[in-house]
Amino acid sequence: MTNVTGTERVKRGMAEMQKGGVIMDVINAEQAKIAEEAGAVAVMALERVPADIRAAGGVSRMADPTIVEEVMGAVSIPVMAKCRIGHLVEARVLESLGVDYIDESEVLTPADEVYHLNKRDYTVPFVCGCRDIGEAARRIAEGASMLRTKGEPGTGNIVEAVRHMRQVNAEIRQVASLREDELMTYAKNTGAPYEVLREIKRLGRLPVVNFAAGGVATPADAALMMQLGADGVFVGSGIFKSENPAKFARAIVEATTHYEDYELIASLSKGLGNAMKGIEISTLLPEQRMQERGW
């Protein structure tokens with residue numbers, strides 16, 4: 001029997017299993033249990049949620065392996081963890097710990113401003129952020145098994161995630177309409193690898209799932225992103241920076257599943273308490289915009 005562990009097909013299939021669900025950032029076992037009980041399909045283990053990373057400034061790195069192992073031991077759902085863009089060793093360390101997915105994340109301070117990881121070299125599937133089809137196709141060519149919008153992490157402001165989801169989906173429609181002889185020029189102009197564009201054109205969609213991330217703070221935000229075509233939702237700071245994390249977690253999971261049931265979403269939104277404090281994007285300096293990290 002052929003061993004297919006870690007092949008592109010297997011890794012993409014693992015990511016596909018999370019479709020329609022919510023993945024929540026957690027910093028300890030207690031939060032991980034709250035996420036699992038609320039119905040999260042996976043958790044992201046890290047030292048600080050994006051809002052705290054943004055507030056603290058400085059250099060943000062991979063979480064202490066003790067935190068990752070604590071979370072892995074507390075829940076039965078898949079556990080993800082973040083490494084810095086281009087940091088070969090952080091990725092290998094996380095793989096050695098046995099995490100289910102690695103997020104090569106712009107939320108952390110990049111280790112390499114030129115190269116992303118060759119994700120095909122790893123057995124574990126990778127998640128990466130994207131703002132447009134060029135970024136999406138490059139990450140897929142490198143071996144990403146799951147994509148997510150970059151949005152603007154830690155802001156509680158959905159506007160950038162909306163922009164990125166609409167941009168990617170509009171460009172998918174454009175690629176699907178191109179003639180074969182036009183595809184190479186489009187690849188040149190966008191920096192998108194030609195073979196990935198051919199696959200997108202053939203499928204009429206990305207060949208991997210694309211989740212919403214970066215600014216989801218309410219049940220309505222989650223439902224909005226699903227309506228715009230997201231395959232699922234990442235919630236970073238929106239759960240555990242809210243007034244009532246357990247309530248927000250359950251409500252966001254329900255709203256993601258029933259994203260066209262407006263009466264239910266209205267009911268879910270009642271009595272939740274305050275959502276996380278938001279940040280207006282225009283107030284951020286260029287160097288504070290995490291979405292600009294990577295290429």
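Backbone N, Cα and C define each Cβ position, glycine as well.
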Need a hand: Swiss-Prot gives Asp25, Gly154, Gly236, Ser237 for D-ribose 5-phosphate, which of Gly6, Gly39, Gly134, Gly215 is also on that list? Gly215
For Gly215 (D-ribose 5-phosphate binding site), list the number of other Cβ atoms lying within 10 Å of its Cβ atom. 30
What's the CA-CA gap between Gly236 (D-ribose 5-phosphate binding site) and Lys82 (active site, schiff-base intermediate with D-ribose 5-phosphate) in angstrom, rounded? 12
Among all the protein chains here, how many other CB atoms are within 10 A of the CB of Gly236 (D-ribose 5-phosphate binding site)? 28
Under DSSP, is Arg166 (D-glyceraldehyde 3-phosphate binding site) helix, strand or coil? helix
Can you name every residue in this chain, apart from Asp25, Gly154, Gly215, Gly236, Ser237, with its Cβ inside 8 Å of the center of the Cβ atoms of the recorded D-ribose 5-phosphate site? Val49, Pro50, Ala51, Val107, Pro153, Thr155, Gly156, Gly214, Val216, Val235, Gly238, Lys241, Met276
